[in-house]
Amino acid sequence: MADEDKAKAEKLAAAKKKVEALKKAKAKKGGTSKKAAASDAGAAPTPSSATPEPAATEAFPPPPPVPEDADDSSKPTSPTVVVPPSSLAEQSKARSTSFRASGPLSPGLFSPSEGGASGEMAAEIYRKHVLKIEELEKEKARLEKEVKDAERRWQKAEGELADLRDKDGEEDGGDNKKDGEGEKLRNEITALQRQNAQLQAQLARRHVASPSVSMSSPPSLSDTPAAAGGNEELEQQLKSKSATIESMELEMSVLRAQVERLSAPSSDGPTEQIAALEERLARAEKAAALAQRELGDLKRNLERTTEKAVKDSSALTSAETKVRALEKEVEESNKAKEELTKKVEGLEKKVATLTTLHKEQDGRTQALRKEKEKAEKEANELKEKVEKVEAENLKLRKQHAAEGGGDDEGLNELEEEERLKLEKRVRELEAENTDLRRGIWHEKRKEMQLGPDDEPLSSGGRFENVDLGSAGGNKHRGGAPSVATGFGDFFASGLNALTGGGGDHGHGHGHGHDELLEDDDFEFDEEAFRRAQEEDQKKRLERIKEIKRSLKNWEGWRLDLVENRRGGGEGIGEIFEV
């Protein structure tokens, strides 16, 4: 298809060149003919000068179109010779005849007999002329269109004629080649004929030169093998030459037939070419009609596709908006997810720190419980010892009373010293026990007195020493804190850490940091510990608020210890049972 398109383009270019050359030749001839026509027009009469302008314009018929067959028939025979257009004199004659044909109405314009009807006739004539002018203009446009179509066809025919001429030139070149080959063959045939004649003459001479020998002794020729071999060779050569001559004659007849065939269309070439061109033109018109139909179908399809494209574009825009909205939602969900993951990580860290703190607290509480159990065991053992000592003391007193006295002063002093030591030890243990049992209540009471927003004082976690006797109270106040600095301080600090209190019991309550965190071997995250402390502070404040709310339930209650303090002399009564 590409080669055919290239060939068509080349043919069209050649046809255009030829058309331009023909137009130039026509222009040259038209200039000379116009000069001659101008001289003729100067001498010719102009009968239409008296008529009005509409009639003059109406009388200009378009020049008759030149038939295509004439152009086509004239082109192949003489491509440079062009039929000149009709002269100006002939055109003016045609105008005058056409005007005269419409002349019966013209005398009415100037006839005085009609009088008042002349104006109406003139108006009607003018109207008719205007209508005729419009019709002629339409016909002119139609004829111009036909002329353009004819020019297109003529150009196509010229291109096809040029192609045919090129083909004829190629065929003529082939004929010349074939003629040269035919001449060669003829020369070869003549040479072979001469050789054949020479051979036949030689054979005849031989037969004539030795007739007697052949008649008298015929076996002699047959007996000589050289002569027999020569005759056979000559016969073979004759046969081969005759065969070549026959083949040459056949080829010559074929070539003559081809030459006759090629020469036959050369005489009837233009008419046959014109017929072929007309057939091609009809085919081209059919192809153009088909192309127009296809173009209409394509336009319809294009309209449909545009409608579909508009619909698709609207759907695509809506889909794009949906996609953008979904992308925004996905981004928001991803951001929320990231925030939640961060929160989860923070909570996990908090949980880890709280679990570690909880484990440490559990370990310390267990240690405190063990210490408490040990202290209770020691207190029980001391009570048993005191009971044993008292029982021994009673026995000794009974013995002393039974014996009737003696040196009682030394014994009384020793007993008094032992009794004071034991009482001191018992009171220390009782103080520790009361501290252990009442430490939580002291802390709660302190928190209730302070309020949720007040910071606990340094002495908030300190246990108060109760004056259990009037005489020995001062001794106890001075001695109890110094003695109860072991297990009581440790247990009090643990309770203070659990309840959120501050200060130490045995060391003057001067420490400002929590002893639960004084573990040098354990490394932990300070940020997590700070957050855990904040959480504990919040929980402590919530507990304080709950305790304040629950204080209403304790209204009207009081602690009555008078009956318990009435026992023994000097205000030394039991507060609780061990």
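From the backbone N, Cα and C atoms, a Cβ is placed for every residue, glycine too.
Copied over from TrEMBL, here are the features:
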type: COMPBIAS; residues: 1-23; note: compositional bias 'Basic and acidic residues'
type: COMPBIAS; residues: 33-59; note: compositional bias 'Low complexity'
type: COMPBIAS; residues: 75-87; note: compositional bias 'Low complexity'
type: COMPBIAS; residues: 88-100; note: compositional bias 'Polar residues'
type: COMPBIAS; residues: 102-115; note: compositional bias 'Low complexity'
type: COMPBIAS; residues: 145-187; note: compositional bias 'Basic and acidic residues'
type: COMPBIAS; residues: 191-203; note: compositional bias 'Low complexity'
type: COMPBIAS; residues: 210-222; note: compositional bias 'Low complexity'
type: REGION; residues: 1-117; note: region 'Disordered'
type: REGION; residues: 145-240; note: region 'Disordered'
type: REGION; residues: 356-384; note: region 'Disordered'
type: REGION; residues: 447-480; note: region 'Disordered'
Helix, strand and coil residues within the compositional bias 'Low complexity' (191-203) as assigned by DSSP: 13 helix, 0 strand, 0 coil
Helix, strand and coil counts within the region 'Disordered' (356-384) (DSSP): 29 helix, 0 strand, 0 coil
Helix, strand and coil counts within the compositional bias 'Basic and acidic residues' (1-23) (DSSP): 22 helix, 0 strand, 1 coil
